[in-house]
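Enquirer: I'd like to ask you about the structure that follows.
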Amino acid sequence: MVGLQPPEVPPTTVVKFLGAGAAACFADLLTFPLDTAKVRLQIQGENPGAQSVQYRGVLGTILTMVRTEGPRSPYSGLVAGLHRQMSFASIRIGLYDSVKQFYTPKGADHSSVAIRILAGCTTGAMAVTCAQPTDVVKVRFQAMIRLGTGGERKYKGTMDAYRTIAREEGIGGLWKGTWPNITRNAIVNCAEMVTYDIIKEKLLDSRLFTDNFPCHFVSAFGAGFCATVVASPVDVVKTRYMNAPPGRYRSPLHCMLKMVAQEGPTAFYKGLLPKSPQQRSQSLNRSQKSCDSLQSA
């Protein structure tokens, strides 16, 4: 049909880079309250004596925040979140095809699952390293509880948060939790890619679906759920470690051991439900992108 055919010239790396960042920012505007609820649930129970508000469930967390902190509270940290998406998503998604082509042997018809996982982990590690300061500031704002309209704020704004963390904790404070974040990204990439291919293969073998969008959607939905469950322990440790004041934890491992000792292993799955819809949508985008690249190869 005229006007609906894809362009013959593929988009440049710059277009992919900017397009991925812009699309991620738009998605973040829609899902940010879920991310804030996830952070609040993940840190709940970390310091019981100092926490006066209790959260129950995704919707209950958001409603409690609106009631006690105001209607804008679920979007606390949004500016840092947009900073993160423009840097993190732009690098991770925008450079994915270029890195995948770099790893693919010359003359190969398409990239194997191992190559796609390696490319995803590489761009993910690059993205985390560049975007970690924005993630730290985002989590600090999301975790900051302000009771009442005149509640005290540690940071005057996003840029003040960058400066304050660097002044009080050193430049390294802005990269706090980098290794747990890289580890989480690698786990998500491996779990998504492998489970997506397995689920899709089983669906096609059983003749329940043909190789079309419904098949990709169901496969991505299952892959996103599996990735969320597998990566949740690292995600909780990452959030707590990034949000912790200096001296609370000696390392991410100490954070994990202390959490298990005080709250039990179920603490690893706090904030699982609000994270799941986000991960499934991201899995659908990445998996569909991989399929499109394979079909065009």
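Quick reminder: no glycine exception, Cβ is built from N, Cα and C everywhere.
Note that the structure is a prediction, hence the values are computed from the model and not measured.
The repeat 'Solcar' annotation in TrEMBL covers 11-102, 111-202, 211-296. Under the heading region 'Disordered', TrEMBL lists 275-297. What TrEMBL records for 276-297 is compositional bias 'Polar residues'.
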Enquirer: On the DSSP side of things, how many residues of the repeat 'Solcar' (11-102) fall into helix, strand and coil, could you say?
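Expert: For that range the per-state counts are 73 helix, 0 strand, 19 coil.
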Enquirer: I'd like the per-state residue tally for the repeat 'Solcar' (111-202) from DSSP, helix first, then strand, then coil.
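Expert: When I sort the residues of the repeat 'Solcar' (111-202) into the three classes, I find 73 helix, 0 strand, 19 coil.
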